[in-house]
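Visitor: Before we start, here is the structure in question, set down as structure tokens.
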Amino acid sequence: MNAVDTQYLEKHTPMMRQYLTLKAETPDMLLFYRMGDFYELFYDDAKRASELLGISLTARGKSGGDPIPMAGIPYHAVEGYLAKLVQLRVSVAICEQIGDPATTKGPVERKIVRIVTPGTLTDEALLQERQDNLLAAVYHGKVGFGYATLDVSSGRFVVTELASKEALEAELQRTNPAELLYSEDFSEPALIASLSGKRRRPEWEFDYDTSYKLLLEQFGTKDLYGFGLGEVRLSLQAAGCLIQYVKDTQRTALPHINAITRFNQCDSIVLDAATRKNLELTRNLQGGSDNTLASVLDNTATPMGSRMLQRWIHEPLRNHNIIRARHDAIDELLDNGYHESLHEQLKALGDIERITARLAIRSARPRDFARLRQALALLPEIQQQLADCNSPHLKALSSHLGDFPEEHALLSRAIVDNPPMLIRDGGVIKEGYHNELDEWRKLSQGATDYLAELEAREKAATGASTLKVGYNRVHGYYIEVSRRESDLVPMSYQRRQTLKNTERYIVAELKEHEEKVLSSQGKALALEKQLWEELFDLLMPRLHELQAFARAAAELDVITNFAERAEQLDYHRPELTAQSGIHIEAGRHPVVERVSQTPFIANPVSLNPARRMLIVTGPNMGGKSTYMRQVALITLMAHIGSFVPAQKAAIGPVDRIFTRIGAADDLASGRSTFMVEMTETANILHNATPESLVLMDEIGRGTSTYDGLSLAWSAAEHLAQNLKSMTLFATHYFELTQLPDQMENVANVHLDAIEHDDTIAFMHAVQEGAASKSYGLQVAALAGVPAKVVQAAKHKLHHLESRDREEELPELRQAQLSMTMPETSKALDRLDTIDPDSLTPRQALDLLYELKQLR
């Protein structure tokens, strides 16, 4: 705990001294300080909460001579305010009264009982149902980065080692953490500058020995080799920080975090940050979820299935055996039609994954247990259907679903059919589960029946027709009579309260009854809470099996969903081959075909060792980018185990998918559009291999014509001749269509259009050969460019086309020639003979003048 200056505390009242001491425990979080029926915030917390939540900012007297800013929220509405703060990536410490005001002199004892941070949420009301909520930590070593993620709401704990800044950037985009922990001396702040929910942690929390010890304690093992974590030092340092942080915030045991896995990038097709963004896998270019691959593929029955599907989309596999097992399972579900009934059964399971996590940390609510009971009741039906399947994958999933007859029987006996949301007010434990509880409830209910008898008797005795017996928390039980009949009440009635139109009284008999009722109700509620806690103890021994059940059910949901999507959207099974290349017949863009107002034109693609690169030409709006993206998306879909939008697809080994499509200024990093484009191009040229799929769209547009053409030509030449990557290269530089004449593994394809007078119709059909023209003026007219401007452009175009190209573009031809000829220079030859480390400043200056004369 951070120390609080003693002299400073002495200036304040006892209550504010208590508040400031508690606030020092969590100085970087808002402190919700419980006072009666409100959570109060003071000082800067009050100002900040007022601004963030739109609540009134007031003052509470003075302490230390100054007015104390104050804001408050009702305790019963706290979840709504917490949800808003979590969305804003703001953390909150919740302080409750734990002492008894009746027996306490001075401030009631309080302590922080709960800490809510964006990355450690488990409460259903605070979580996005169909999105993972990850806490992450990153540690920068001398060579590379260690990265760890933990989903506290499921127990999923993953680490990975990353060799470069680019790899870390891609991993941050893939995992999209809600909260990121990093060390105080993290040396690459620019990498995480745009992330919200960052939290700096002291360097000692990343200490290797401390981290290793924490992990051993958490998993109850002697070493971590059984998890495959023998040589991942940096990521273990990040993982240790996560465990420490979660223990600090949750303040309870975490038995559901019982394993840790390593994410090996070599097991998956590598997607860099630009590719994940450009392909709009789970988020579109505007940051939303509409019109993404996930929005089309996700018709899952359960939230946990939806979250797993999104993880699969970001982790396309390279292991063909695992993928084929998924394809076989889909085939069988389609053949026997089980996917429809399984979908309905799975829909009733709910979110067992997160319910199990709340069970583990003892924060589950009554309705969680009711949903768990329902899920366990459905298991035999699901397993009965899967018993008839031959797919090894479906059989394995069925066995992992488990068997829980005793747990189902327990919950059926213990929990009422429709429990309330909270245990706080009782009414959760079913009648017949516990004899003593039933007795206290009967006593309480019998006392309630007595009130009706008392009311009838007193009405008859007094003759007051308005007489009734009531109850409130302030005055307890009372007899109420209208003021016009108050003269009818006997002397034995003691006036308790006068209202506008009524008088309220108590009698000795009613007071005795009140004590009896409150005693029986209190004892019943206390016993019910005790029995509720015992249910956690009875279910906890099956925690690991329940987690396995949740994982298997989620995967079964995804596979069933793939079968349903294949049937509804006319997807077909792709063939995964050992031969290099991608061959697709009648391929379609999975998203565009769903939102297009006109029938989608299917197109083929053929890439193989003799045809490594396609130069794609055609008009703007002709469909070049859509065509390229659909090839990448079909390839990715095949590798997550889905069927694909194509009549036929045969896809060989793929290690990476790169995209260089579109660009915008990166203002945060001070990079222009062209700089962003060149950075992405450089990444591709450094890392692409013969098994990489590369999409290059219009590179070189952000600079002069000659510079742009030179860069585009050289990049295409390098990809085709040296890297031999499978490449789709879209361009408006028609000079690039000459590449197939110089390189055997390059071919031209184009998307055509038809002109009629001044209009243009885009055919969207891919054809062999180069496009004849770009149709730029027609597209400008369609875009609404004023007719006068378009007409003037036509005149200028005719003028330029009529000029002698031999006179007009000599530099361009020279630029093209230089791309294919080695550059020689006396200055370069002289530079090759120089050792720069041995030069004195004077020698370096003399050499500079010498080189200037040689250029």
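Our numbering is plain: 1 for the first residue shown, then up by one each step along the chain.
Using N, Cα and C of the backbone, Cβ positions are placed for all residues, glycine too.
According to Swiss-Prot:
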- Gly618, Pro619, Asn620, Met621, Gly622, Gly623, Lys624, Ser625: ATP binding site (BINDING)
Visitor: What three-state secondary structure does DSSP assign to Gly623 (ATP binding site)?
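Guide: Its secondary structure by DSSP: coil.
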Visitor: Around the ATP site recorded as Gly618, Pro619, Asn620, Met621, Gly622, Gly623, Lys624, Ser625, what other same-chain residues have a C-beta within 8 angstroms of the site's C-beta center?
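Guide: Near the ATP site, beyond Gly618, Pro619, Asn620, Met621, Gly622, Gly623, Lys624, Ser625, sit Leu751, Phe762.
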Visitor: Which one is it: of the binding-site residues Asn620, Ser625, which Cβ has the fewest other Cβ atoms within 10 Å in this structure?
Guide: Asn620
Visitor: Please identify, from the binding-site residues Gly618, Pro619, Gly622, Gly623, the residue with the sparsest Cβ neighbourhood, meaning fewest other Cβ atoms within 10 angstroms.
Guide: Pro619
Visitor: For Gly618 (ATP binding site), which DSSP three-state class applies?
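Guide: The residue in question, Gly618 (ATP binding site), is coil (DSSP, three-state).
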Visitor: For the binding-site residues Met621, Lys624, work out the Cβ neighbour count at 10 Å and name the residue with the minimum.
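Guide: If we count Cβ atoms within 10 Å for the binding-site residues Met621, Lys624, the smallest count is at Met621.
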